[in-house]
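Here's what TrEMBL has on this protein:
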type	residues	note
DOMAIN	13-338	domain 'RNA 3'-terminal phosphate cyclase'
BINDING	Q104	ATP binding site
DOMAIN	184-285	domain 'RNA 3'-terminal phosphate cyclase insert'
ACT_SITE	H320	active site, tele-AMP-histidine intermediate
Amino acid sequence: MDGDKVEIDGGIMEGGGQILRVSTALSCVLGLPLRVRRIRAGRSQPGLRPQHLSGLEIIRDLCEGKLEGGEIGSTEITFTPGKIKGGTHIADTKTAGSVCLLMQVAMPCVLFAASPSELHLKGGTNAEMAPQIDYTVMVFKPIVEKFNFTFNCDIKKRGYYPQGGGEVVVQMSPVKELSPINLTERGTVTKIYGRAFVAGALPIKLAKDMSAAAVRCIRKEIRDLYINIQPVREPDDQAFGTGSGIIVVAETSTGCLLAGSSLGKRGKNSDKVGIEAAEILLRNLKHGGTVDDSMQDQLIIFMALAKGVSRVKSGPITLHTQTAIHFAEQLTKAKFTVTKSEEEDPSKDTYIIECKGMGMINPNL
């Protein structure tokens, strides 16, 4: 049997959970049995953490596959996918592990299912080292839907570090195939908006401070634009635990969305949280790309599966993106090229990511 399994080295390049997410999602979609060794070898605590395991379990359940080595701390798994079914599925990290990362791994699979899916994802909605759920809804969703599919994401309850306890429900229908995207025209920034939130025991004043600090920071660079960052206190029945944070989004004349976000934590001044998010946004605006550096790597798997040539203009290519490209090419036969963007001012670090997609056709439809 071993001869037929695709071997994945989980310790190279970015060396984290993303290798597992990209390769198991593609294994599921393409029906390729997989062995992943040296899982998260690049991390201080190697092997599977609860959120990686719940991601593997939801993929296994989605396609009635076989998973071996699926336990916390495991550094090697084998996965044999079955047919992607659709229906209702639950994944619970039982920690503050990110629901957004669970969504990242499941979404390509349910697009190629036999029937519509409803995913109940439980864990942290606003977690460190992962996109916040607000980013997923405000930035990721409108951009990824350009591949010609739609999904609904209902935030039932927000959950924060360390307990988690959040839940989102994602509903999606399968597609026959994905269309390619062309995101190469940045346009000009037309508006900047966002939300600064507190939940649990924290006063609304912290949200107002984060918002005001972010606005002041952006104003130094961009003077003439209306900036609307709403301070919000999450309703107690819609949030579990105590948390705070901010997301700031810039929208352009061509419909591009770029963002910066930051989370509050104990001992971290709320002004600093606001300034951090603003600085990330400004940095993303400076390079002249059409997507921010969090979005860059999340598009790779969809570009690889789409039919035709996709092109995206971005800032410097992140290690996450290089890693996603490496494994997408290894598994799908899609072909990526990354070139320095010529038409930009040479001082800008702008690139074109181009992909000739494999043109995956949903065998179940």
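Even glycines carry a Cβ here, placed using N, Cα and C.
Distance from the CA of H320 (active site, tele-AMP-histidine intermediate) to the CA of Q104 (ATP binding site) is 14 Å. For the domain 'RNA 3'-terminal phosphate cyclase' (13-338), the mean pLDDT of the prediction comes to 97.
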